[in-house]
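Annotated active site per Swiss-Prot: Lys396, in sequence order. If you look up Swiss-Prot, you'll see Leu113, Asn114, Gly115, Gly116, Lys127, Gln190, Gly222, Asp253, Lys396 marked as UTP binding site, on the strength of similarity to another entry. According to Swiss-Prot, the substrate binding site annotation covers Gly115, Gly116, His223, Asn251, Ile252, Asp253, on the basis of similarity to another entry. According to Swiss-Prot, the feature Mg(2+) binding site maps to Lys127, Asp253. The blocked amino end (Ser) annotation in Swiss-Prot covers Ser2. Look at Swiss-Prot and you will find Ser13, Ser434, Ser448, Ser461 tagged as phosphoserine. According to Swiss-Prot, the feature phosphothreonine maps to Thr426. Per Swiss-Prot, N6-acetyllysine is recorded for Lys438, and the stated evidence type is similarity to another entry. For 457-508, the entry in Swiss-Prot reads region 'Oligomerization'.
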Amino acid sequence: MSRFVQDLSKAMSQDGASQFQEVIRQELELSVKKELEKILTTAPSHEFEHTKKDLDGFRKLFHRFLQEKGPSVDWGKIQRPPEDSIQPYEKIKARGLPDNVSSVLNKLVVVKLNGGLGTSMGCKGPKSLIGVRNENTFLDLTVQQIEHLNKTYDTDVPLVLMNSFNTDEDTKKILQKYNHCRVKIYTFNQSRYPRINKESLLPVAKNVSYSGENTEAWYPPGHGDIYASFYNSGLLDTFIGEGKEYIFVSNIDNLGATVDLYILNHLMNPPNGKPCEFVMEVTNKTRADVKGGTLTQYEGKLRLVEIAQVPKAHVDEFKSVSKFKIFNTNNLWISLAAVKRLQEQNAIDMEIIVNPKTLDGGLNVIQLETAVGAAIKSFENSLGINVPRSRFLPVKTTSDLLLVMSNLYSLNAGSLTMSEKREFPTVPLVKLGSSFTKVQDYLRRFESIPDMLELDHLTVSGDVTFGKNVSLKGTVIIIANHGDRIDIPPGAVLENKIVSGNLRILDH
């Protein structure tokens, strides 16, 4: 009789279903452990230690995944955060700046999350290398911003890129172009975890390679991995040794996430004398943000609650703009000393995000991830700061790209600011159809970016192209039905117009 069957019969005779499940769990953990050990034997000697750390990290995550079942929050315990735990930005700004700005800046490290590819916008390679404004990429703008700070205040703020195995090689190739910039640039890699078969829960990978048949067998486990991989890289200790105190973490595709001197001053000179270990920038929800994670009070601490954690019966309540008015921008300010302490105590607690995927061959897999902001509850004296919407300017689609390329924004030292010529501070709602999804197609359809200073809403669907010097105002809806094509002529001014049908402009 196999050991598994013996265990099973023993379990059944003892405590029924729960005991049975526990045995199954233990067997699964043992099977996964054996599979991971097999994979580790295929690692080349120079990658062995690094791979072992990754696989050990995955085993811990997998163990937690097997323990947790159902929504990870008890809805009855969720409360609105107390007034003083989320401060308005105006109050932080009113404290002004210190006499010596460079002294606080020299305590800062800027970390950009650079693990993502540009696939959702039809681009190969790292998303950070997509051109967003005047030929400048996300990475160019980031370097320009920090160089401007270092030159203006005679400081040494370094830039750190958290790459993934998907982006590391291409990013490193491009970094040499910044050799003469006044910014020290460091990189470290996110962990690389194995995807698991949805049915068997065993790793899909058979060896450490991530090419050939193994291309889809591995994944970067979400930005919550920053704490462990930053610590393991040795950079955390290096920066603490240099006297750095805080990291400012943000997504590289959020063009609003610039270093804010008022927030930094608040951290370095806390008004109540109690150092704040974690600041999350939040901003007011609009209808477009209803799925964003929100800050709540939970068991006496600030806690980030994501839509995936909410019991189904309460999802509509979670999306309510009146009850939960703010959402997480993923601009975070975190104490380096606190990260070191919590990492060494194994005390950083983040909910697991179970992300189902289907591989090209049709195999259903899951990947286990964590989110950087979810760790807020592990830090002491955490704070939310309700910042202006201008600090949240993510470019996820070509619709977002159209906004940041337009005359709605002006570019100065790598930072985008809303044009003073726009009469209202809100950003227009832009929805470009599937013909515009890929950057290449999008660029082909605009001879030049339209004037959008007075635009409120733009919807474009179907085969549509724009000539030079087009001006869009109010609400503009352009719909070319299947088989039709619409060419908006050069110099056209469309104000509160619906354009449909067929409009071809041919060269004479």
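Cβ atoms here come from the backbone N, Cα and C positions, even for glycine.
According to DSSP, His223 (substrate binding site) is assigned to a helical segment. With Gly115, Gly116, His223, Asn251, Ile252, Asp253 listed as the residues that bind substrate, the site has a largest C-alpha separation of 14 Å. Between the C-alpha atoms of Ile252 (substrate binding site) and Ser434 (phosphoserine), the distance comes to 25 Å.
For the region 'Oligomerization' (457-508), the mean pLDDT of the prediction comes to 91. Gly115 (UTP binding site) and Ser434 (phosphoserine) are 25 Å apart (CA-CA, integer value). Counting in whole angstrom, His223 (substrate binding site) lies 15 from Lys127 (UTP binding site) by their C-alpha atoms. In terms of Cα distance, the recorded positions that sit within 10 Å of Gly116 (substrate binding site) are Lys127, chosen from Lys127, Thr426, Lys438, Ser448. The recorded positions examined here are His223, Lys396, Lys438; by Cβ neighbour count within 10 Å, the least packed of them is Lys396.
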